Amino acid sequence: RSEKGCRKEKNQNIQVFVRLRPLNQRERDLKSLGVVEVHNNKEVVVRISQQNSITKKFTFDRAFAPYANQVEVYQEVVSPLIEEVLAGYNCTVFAYGQTGTGKTHTMVGENTGDETTWQKDPLAGIIPRALSQLFDELRISNTEYTVRVSYLELYNEELFDLLATSEDNSKLRIYEDVTRKGSNIVNGLEEITVYNKKEVFRIMAQGQERKKVASTLMNAQSSRSHTVFTIVVHMKENSLPEGEELVKIGKLNLVDLAGSENISKAGSDNPAKRERARECVNINQSLLTLGRVITALVERHPHVPYRESKLTRILQESLGGRTKTSIIATISPGHKDLEETMSTLEYLTEQRTFRTSLRSTRKYKESYIERISEEIAD
């Protein structure tokens, strides 16, 4: 493939990918049949009837078979976005799908514990690999820079800071940014300056410790929340003529969406698990609103319902018009998950038509340059 991955057209602002995982031990124990296959690196073929071999085909920008490794997925889905971030654009990666299909494996992965490069590390997920690539590119560029990260959790429509330094786990509030149309601010959200990928793993581990996890019938350590890991890069060009200065601000949002499974599968028919049912309702409401927002953008409606969920308010700037987006859905091959797999694939098919205009967040601002320069010097 080209170094641009799949994103060959400059104006193709959203791309949709699917990653099919192998049958896991739970599915083998349940004698689950494999009913999903990947053909030609773009097509997902689902056998929807065991009796008469009826199949349905879905086509995406790229489909990854079970044998696809972490490096291959990253090179196609995320690596092309890093160039955009370094040029001062906003980019977003969503991981979407049913609980237990590999979203967290795809986004976070595992720490190999050695000094492997981002191009070769066999286990790292999208978040640490993206930061490794960013640092590599920044080190060889003729710019002064700072890299900051934040890690936000949305649980039952409440916002929590996964990197908060205090023991206070109070809820955060979100406000409209009056200085920038279509942007919101999460008041009090911690932003931490990072310098290398080792720090990133430490910070992510810190965030995971604070993260709310809950058992479901499908995954003993399933997350019942959305998480948003945001990387903001401030870059000051050094190669411009004397008297001219340019600050570029690039942003990469890495969003792990909570499991999209239905309430009955999550065990809510048991009265003791009503909290799980409440979680599912909130999760599905967030995902439904996200779909409605994207539909409104596709159809150019004058009103886009960002405010109908906290998730879409947080991501408003990432969906509105100054960003490139990759959606990677993870799916199970098992016939017992067929309903959820079909729901995921149909949801994704709707999103493929979404296109937005793209605007760089380059800024010529003397006072801002001075502030960033001071931070770089510190």
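In case you wondered, yes, glycine gets a Cβ from its N, Cα and C as well.
Per Swiss-Prot, the feature ATP binding site maps to G97, Q98, T99, G100, T101, G102, K103, T104. Here Swiss-Prot flags 13-354 as domain 'Kinesin motor', drawing on sequence analysis.
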Counting Cβ atoms within 10 Å of each candidate's own Cβ, which of the binding-site residues Q98, T99, T101, T104 comes out highest? T101
According to DSSP, folded down to helix, strand and coil, what is G97 (ATP binding site)? strand
Cβ neighbour count within 10 Å, max among the binding-site residues G97, G100, G102, goes to G97
Determine the mean pLDDT over the domain 'Kinesin motor' (13-354), rounding to the nearest whole number. 83
What's the number of neighbouring CB atoms sitting within 10 A of the CB on K103 (ATP binding site)? 27
